[in-house]
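Novice: Here it is, the structure in full.
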C-alpha cells in the first residue's frame with residue numbers, strides 16, 4: 001500500500017509540474033474583423049482560388065458564413081473530386097487545367113471532417129488511395145538511408161498523414177518512420193533555420209497517431225517526437241513573442257495547445273505569443289488568408305485535433321459582410337521603391353514609383369509595365385510565389401528569396417508585403 005501511495009504521489013507531482021498552453025480570449029470585435037477578411041476569399045470559387053483551409057478555419061472558429069460557407073464546400077467537392085478523379089461531364093474538361101496538389105487534397109480531407117463527414121464510397125476511397133500513393137512516392141524519394149528529400153516538403157508530408165489520421169485511415173509504419181526520422185534529425189530545416197510551421201505540422205500529425213494508437217510499434221518514438229517538436233518550437237520563440245515568425249505562430253500554438261507539457265514556462269511563452277499576435281492584429285497587418293485560417297481556431301481554443309471528433313452543432317456567430325472602406329486621401333501619395341535582382345546577368349536595379357500602400361506584387365507589375373523586367377508566379381494556398389525572374393526559372397530545391405536591404409528576409413509573400421518609401425527590395429535566387 002505504501003508503494004502504491006508513493007506511486008500516486010509521484011504522478012501528482014508530475015502533474016503539478018506540467019503546464020498547459022492557454023490563449024485568453026481576445027476582443028470579440030477584433031476576432032470578428034479577422035474572420036471578415038476571409039469573406040471576400042470565399043466569393044472566389046474558381047479552382048485556382050479555392051482553399052480548403054479557409055473552410056476548416058471557419059468551421060473551427062466561433063464564427064460562420066452561413067450559405068456562403070455551404071456554397072464554398074459544394075464548390076470544393078465539385079472541383080476537387082472532378083479534377084482528381086476525372087469527370088464524364090462534357091462541359092467540365094476545360095475547367096480543370098491544373099490538378100490540386102496532394103497538400104491541397106489533404107486540406108480537402110480536413111475540410112470534410114470539419115463538416116463531420118468521413119470519406120466513404122468508391123470516390124472517397126480513391127481519394128484516400130491517391131494520398132497514400134503520394135506518401136509512398138515521397139517515402140521513396142527520401143530513400144532508405146534518409147539521404148534524399150521529399151519531392152514537395154515535410155510540411156505536406158505531415159499534413160497528408162494528419163488528414164488520413166483524422167479520417168481514421170491507418171498509415172504504414174514505414175511512412176510514419178520517415179516523419180519521425182525528420183523530427184529526430186532536424187530534416188525540417190529551411191535555409192539552415194528551423195521551419196517552425198513544418199515542425200508544428202509534424203507534431204500535430206504525430207499527436208493524432210498517438211491518440212488513435214495506429215502504430216503501436218512506434219508509440220514510444222512518436223511520444224518522444226511530439227515532445228521534441230514542442231521543445232524545438234519553444235526554443236524558436238523570438239524576443240517579440242513569435243514562434244519562428246508571425247506567420248508560423250498560429251500553427252505552433254495549435255501544437256502547444258494539444259496537451260500539457262512537463263516544462264516550466266510553457267504558459268508564459270503562450271501568453272507572450274498571444275500579446276505579440278494581439279499587437280499585430282490591432283495594426284491590421286494580418287492579411288494572409290491561409291494564416292488567418294490557422295489562427296481562428298486558436299482564438300476559439302481549438303486545434304486541428306478537434307477534427308478527430310468535431311462538434312458540428314456548436315453555436316457560431318454569423319459574420320456580417322463589410323463594405324470596403326473608401327480609400328483615404330493619403331493613399332494617392334506616391335512612394336519610391338528600388339527593385340534589385342543580383343542573381344542575373346546583367347544585374348537589374350531600378351527605382352519604381354507606386355501608390356503608398358501598394359503590395360510588392362504591385363511593384364513587380366509596375367516594373368514589368370515600365371519595361372526591362374519580367375517575372376512569373378504560381379498560385380499556392382499561401383498566395384502567389386515567384387517562379388521566374390528576368391527569364392531565370394527556379395531549379396530543383398531553389399526559390400526566389402525576398403529581402404529588404406541590406407539583408408533582411410521578408411516574412412511575407414509578394415501579395416502581402418507592402419514596401420515603405422525609400423526601401424530597396426532584392427529578389428535573390430537561393431538553394432535549400
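Cβ atoms are placed via backbone N, Cα and C, with glycine included.
According to TrEMBL, the record shows the following:
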SIGNAL    1-18  signal peptide
DISULFID  21-270  disulfide bond
BINDING   152-156, 197, 245, 294, 385-386, 400-402, 410, 432  cyanocob(III)alamin binding site
DISULFID  165-208  disulfide bond
Novice: From the recorded positions 152, 165, 208, pick the residue whose C-alpha lies nearest to the C-alpha of residue 21 (disulfide bond).
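Specialist: The smallest Cα gap between residue 21 (disulfide bond) and any of the recorded positions is with 208.
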Novice: What Cα-Cα separation, expressed in whole Å, is found between residue 245 (cyanocob(III)alamin binding site) and residue 208 (disulfide bond)?
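Specialist: Cα of residue 245 (cyanocob(III)alamin binding site) to Cα of residue 208 (disulfide bond) measures 25 Å after rounding.
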Novice: Which Cβ among the binding-site residues (154, 385, 400) has the fewest C-beta neighbours inside 10 Å?
Specialist: 385
Novice: Give me the non-local Cβ neighbours of residue 270 (disulfide bond): same chain, 6+ apart in sequence, Cβ-Cβ under 8 Å, ordered along the sequence.
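Specialist: Correct list: 21, 22, 23, 253, 256, 257.
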Novice: List the same-chain residues at least 6 positions away in sequence whose Cβ sits under 8 Å from the Cβ of residue 402 (cyanocob(III)alamin binding site), in sequence order, or say none.
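Specialist: Long-range Cβ contacts: 360, 409, 410, 413, 414, 417, 425, 426, 427.
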Novice: How many Å separate the Cα atoms of residue 152 (cyanocob(III)alamin binding site) and residue 208 (disulfide bond)?
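Specialist: Given the Cα positions, residue 152 (cyanocob(III)alamin binding site) is 22 Å from residue 208 (disulfide bond).
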Novice: 10 Å Cβ neighbour count around residue 156 (cyanocob(III)alamin binding site)?
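Specialist: Around the Cβ of residue 156 (cyanocob(III)alamin binding site), 23 other Cβ atoms lie within 10 Å.
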Novice: Identify, in sequence order, the residues in the chain of residue 165 (disulfide bond) that are 6 or more apart from it along the sequence and have a CB within less than 8 Å of its CB; answer 'none' if there are none.
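Specialist: Looking at Cβ-Cβ distances below 8 Å from residue 165 (disulfide bond), excluding near sequence neighbours, one finds 171, 205, 208, 209, 212, 214, 308.
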